[in-house]
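**Q** Sharing a structure with you now.
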């Protein structure tokens, strides 16, 4: 599997092929102990992401009941992270053994990765544009920032992410290399240019276009806030801005390495040492990018005031139900605290626009 050249969902590969006509350049980087540690890391990411994003969905659906367009975007962003992380169990098994799930699942699991990648960046872009409209064009935003509009845009994002992913999956297959079944994307002499195009497409759709929109939106927002000095609007964009910055920090390094890999495929960068360095850089930056799927819930917990209150409310209700099931009465102090949290949350709803 040509892992460095192809953004695959798997990391078991031991060799990097700088050219389809040359012999492989030995770039074995992950030894047995390293694979075990990496597998444990993926398992931890899976657990924390599954738990964190499930709590986000629970808060948005049960507590906030999707009352705003931003709630819709945050819900879909959490679903995108969950879709991304669903590839981890397959990836972990593949890392430790071989691909035993067949060609169809090879394409499906790889699709989870790509769709999760594209949709995550697209939803963050939508949230940035939404903040821009809410702050800079507040009157116009009242007309267009509706639940129906948000749902329609989210459906468009999912469709775009799927359409961007489907051409990539055509080349994925399962083949045996040295007696080990591997899931990888195969490119021959005729399709090698398509592979390079795919890498550049990911750079453009996954980083360049979103980053350009981010810069435009937040420059305009900061200019507007500087003029108006509106504290409520400043609070309203803080969470989204932190999510955007975090996503860029996790994904920019990988996109840079992907771009350099494309240059290597075109022989602009050449040499065995370059290929080994790119292989190593891909592994490292991919691990960094994978971590993004469990970061957003942590940001909400530390930055989102209402998110913490809603979690406290859910915890109190759950404890109350457990006490009732056991035939006991919940301590009065906890009930009063839960009631106080609910009242305070309702009073602050007019101030905080998002989690």
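Every residue gets a Cβ built from N, Cα and C, even glycine.
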**Q** Check each of the ranges 147-171, 172-196 against Swiss-Prot and return the one annotated as transmembrane segment.
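**A** The listed stretch tagged transmembrane segment in Swiss-Prot is 147-171.
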**Q** On the question of membrane sidedness, does Swiss-Prot record residue 324 and residue 67 within identically named topological domains?
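**A** In Swiss-Prot, residue 67 shares its side of the membrane with residue 324.
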**Q** Between the candidate ranges 14-33, 74-93, where does Swiss-Prot place the transmembrane segment annotation?
**A** 74-93
**Q** Let me check one thing: do the transmembrane segment (36-63) and the transmembrane segment (281-304) come into contact, meaning three or more Cβ pairs under 8 Å with sequence separation of at least 6?
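**A** In contact, yes.
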**Q** Counting by DSSP, what is the helix, strand and coil composition of the topological domain 'Extracellular' (94-107)?
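**A** Residue counts for the topological domain 'Extracellular' (94-107) by secondary structure: 9 helix, 0 strand, 5 coil.
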**Q** What is the total of other Cβ atoms whose distance to the Cβ of residue 183 (disulfide bond) is within 10 Å?
**A** 27
**Q** Are there residues at least 6 beyond the ends of the transmembrane segment (281-304) whose Cβ is under 8 Å from a Cβ of it, and what are they?
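**A** Apart from its flanks, the transmembrane segment (281-304) reaches 3-4, 11, 29-30, 38, 41-42, 45, 48-49, 52-53, 55-56, 77-78, 81-82, 84-85, 88, 116, 120, 238-239, 242-243, 246-247, 250-251, 253-254, 256-258, 260-261, 311, 354-355.
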**Q** Please list the DSSP helix, strand and coil residue counts for the topological domain 'Cytoplasmic' (130-146).
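**A** The topological domain 'Cytoplasmic' (130-146) comes out at 14 helix, 0 strand, 3 coil.
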